[in-house]
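If you check TrEMBL, you get these features:
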BINDING   Arg97, Arg107, Arg135, Asp225  substrate binding site
BINDING   Asp225, Asp249, Asp253  Mg(2+) binding site
BINDING   Gly283, Ser284, Ala285, Pro286, Asp287, Ile288, Ala289, Gly290, Gln291, Gly292, Ile293, Ala294, Asn295  NAD(+) binding site
DOMAIN    4-354  domain 'Isopropylmalate dehydrogenase-like'
SITE      Tyr142  site 'Important for catalysis'
SITE      Lys193  site 'Important for catalysis'
Amino acid sequence: MSQQVLILPGDGIGPEIVVEAQKVLDVVNSKFNLGLVCDEALVGGAAYDEFGSPLPESTLAKAQAADAILLGAVGGPKWDNLEDRELRPEKGLLGLRSGLELFGNLRPAILYPQLAAASSLKPEVVSGLDILIVRELTGGIYFGQPRGIRTLENGEREGFNTYVYSESEIRRIARVAFESARKRNKKLCSVDKANVLEVTVLWREVLEQMAPEYPDVELSHMYVDNAAMQLVRAPKQFDVMVTGNMFGDILSDAAAMLTGSIGMLPSASLDKNNKGMYEPCHGSAPDIAGQGIANPLATILSAAMMLRYSLNHAQAADAIEAAVSDVLDQGLRTADIYSEGTHKVSTQHMGEAVVAALQKG
Ligand code: NAD
Ligand code: IPM
Ligand code: MN
């Protein structure tokens, strides 16, 4: 039976990196006889320009019907000043996450040994780094109500958001994190701000209540400010980190840099049945869009995660990851991961090198 994959290129570098991931998918599709059928749709600014909405109903319907989704990135200066905030490209992405109930966001930060020199930290601090950040993705301050900007009696305006998590929302993301830790090095660090915010006092309590169900997992807690510091001081102390939507957004960008570049960090966003959307952790990089220099590896590695988590093709996923390692062994580097003695290549060259490595392997 065929599996349906929906491709959403999005904006900025999105189309440039997605097209390379698609070449890689095409190769594994025939090589491993996967029977994947790919379709494409618009999301973000590209969808706004065409249909007047960052998430047209037709795109959401296709996403709901697909077995998995691969997304590039959304957003850009062209749409930053839209009067109606609901029409911003980012709302398209947030609408997909909430519409499909993709609450479990996995962001693995792995340092490929070949990239030790590209990390901004000393090789001995990062070598062997392998962290999984589990980020709650459909709740917290991103979605809490009430929210808005209002005018006070004195004529001054104030902006407000609500940071809220219910016990069941905490429990389901904690379960993803405990289960992930169980399959790895069995250490789970929950990141919160329980010294100040009640919502995270509850978060901590729920994790503690669940800990006895996972006696093999060592649970610890850390305040988010300390966690940010520890990530750049001694990142290898972490195995799995679990946190809410906003803290996870920030910490995963910091963790990305440990691996050499944000252009290396893939992600999976999963619902309760492991149906998922896969995307690089980075954005649409308007500063380099259209130049053919963006790193497509985070997107290619996201495609590998898609094969592993939602489509059950672990062998094809392994092959893609091995091919990425192979091109790094060959010394090929996009500008963001370039270091002296390596060979600088374009987005397209990098994608095609992964394809060649797959065909050879
Ligand atoms: P960004 O991640 O797009 O870029 C940050 C920096 O990293 C830039 O200097 C960029 O050139 C670089 N970079 C990012 N991806 C790269 C890659 N693959 N290869 C090489 N360099 C890369 O973040 P930003 O500049 O804060 O945001 C730009 C736009 O993207 C905004 O509209 C934002 O809302 C949006 N955004 C979208 C997503 C998403 O779609 N998931 C994620 C983050 C930001
Ligand atoms: C990410 C992005 C998004 C987020 C934005 C574009 C809505 O930064 O995927 O990390 O904040 O979740
Ligand atoms: Mn982000």
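In case you wondered, yes, glycine gets a Cβ from its N, Cα and C as well.
Since the structure is predicted, the reported quantities are computational estimates derived from the model, not experimental observations.
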Could you state the whole-number distance in Å separating the C-alpha atoms of Arg97 (substrate binding site) and Asp249 (Mg(2+) binding site)?
14
Near Ala285 (NAD(+) binding site), which residues of its chain come within a Cβ-Cβ distance under 8 Å, counting only those 6 or more away in sequence?
Gly12, Ile13, Ala73, Ala294
Below 8 Å Cβ to Cβ and six or more residues apart, same chain only. Which residues does that give for Ala289 (NAD(+) binding site)?
Asp11, Gly12, Ile13, Glu16, Gly76
Is it possible to get the count of other C-beta atoms within 10 angstroms of the C-beta of Ile293 (NAD(+) binding site)?
19
Running the recorded positions Arg135, Lys193, Gly283, Asp287, Gln291, Asn295 through a 10 angstrom C-alpha radius around Asp249 (Mg(2+) binding site) leaves Arg135
Taking every protein chain in this structure into account, which of the binding-site residues Gln291, Asn295 has the most other Cβ atoms within 10 Å of its Cβ?
Asn295
List those of the binding-site residues Arg135, Asp225, Asp249, Gly283, Asp287 whose Cβ lies under 6 Å from any atom of ligand 1, in sequence order, or write none if there are none.
Gly283, Asp287
Comparing the binding-site residues Asp249, Asp253, which residue's C-beta has the most other C-beta atoms within 10 angstroms in this structure?
Asp249
Residue among the recorded positions Arg107, Lys193 whose Cβ has the most other Cβ atoms within 10 Å:
Arg107
Around ligand 2, within a Cβ distance of under 6 Å, which of the binding-site residues Arg107, Arg135, Ala285, Ala289, Gln291 show up?
none
If you count the other Cβ atoms within 10 Å of each Cβ, which of the binding-site residues Asp225, Asp287 comes out on top?
Asp225
Quick one: of the binding-site residues Asp249, Ala285, Asp287, flag those whose CB is under 6 Å from ligand 3, and say none if nothing qualifies.
Asp249
Nearest of the recorded positions (Tyr142, Asp225, Gly283, Ile293) to Asp253 (Mg(2+) binding site), judged by Cα-Cα distance
Gly283
